[in-house]
Amino acid sequence: MTGATIWLTGLPSAGKTTIAHELAGKLRGEGHRVEVLDGDEIREFLSAGLGFSREDRHTNVQRIGFVAELLASNGVKALVPVIAPYADSREAVRKRHQTEGTAYLEVHVATPVEVCSERDVKGLYAKQAAGEISGLTGVDDPYEAPESPDLRIESHTQTVQESAAALHALLTERGLA
Ligand SMILES: Nc1ncnc2c1ncn2[C@@H]1O[C@H](COP(=O)(O)OS(=O)(=O)O)[C@@H](OP(=O)(O)O)[C@H]1O
Ligand SMILES: Nc1ncnc2c1ncn2[C@@H]1O[C@H](COP(=O)(O)OP(=O)(O)O)[C@@H](O)[C@H]1O
């Protein structure tokens, strides 16, 4: 089976993790080998000790990109629901895949910040508004939206299943599913 990295970038609570797991289930059911490199889990182990400065986020994204490429080059669909707020960090990951000849898709989960802060799955937007945290992506920290992603998902106008189906259709179109 052909491996690939599918990076889902977007704001906190945009729907990255939910869509990744929905797609993972679908792909596994079809016989694909799949790993979801969840941001929170990675920060507990591979990126333990890193914070949310620009430098630390860049390091985090490069580490995840490295592991994703290793998996993808061994036939795994590596699904990566990680914010990756900086365009140059994402570009470095894309280039690494290109150099290695490994398929790489960038998916922008483009949920507006108003909807994300309403969802507020982890209560981060509320904490930022209460002054308990700062440096929240999309609020008081940068998010550089991809200019030409392979796919843009408007999760606020779709069900989770529709979003995952749109991504699955892209994989099929590219000969990856
Ligand atoms: N200040 C700040 N800004 C953004 N996100 C924050 C912050 N503090 C904690 N969190 C939580 O950590 C998750 C982000 O980790 P990532 O590894 O995906 O981010 S990054 O690419 O390194 O920027 C992210 O997970 P998701 O909500 O799944 O996106 C947040 O829940
Ligand atoms: N079309 C959709 N795609 C993804 N999530 C959606 C969608 N519609 C509603 N949601 C909800 O939005 C929330 C997104 O949370 P999560 O996936 O953890 O976001 P993120 O990983 O981007 O922080 C979930 O509660 C999910 O059920």
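Cβ atoms here come from the backbone N, Cα and C positions, even for glycine.
Annotated domain 'APS kinase' per TrEMBL: 3-153, in sequence order.
Residues or ranges marked as ATP binding site in TrEMBL: Gly10, Leu11, Pro12, Ser13, Ala14, Gly15, Lys16, Thr17. All protein chains included, Pro12 (ATP binding site) registers 23 other Cβ atoms within 10 Å of its own Cβ.
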Subject >> Position of peak Cβ density within 10 Å, selected from the binding-site residues Ser13, Thr17 >> reply: Ser13
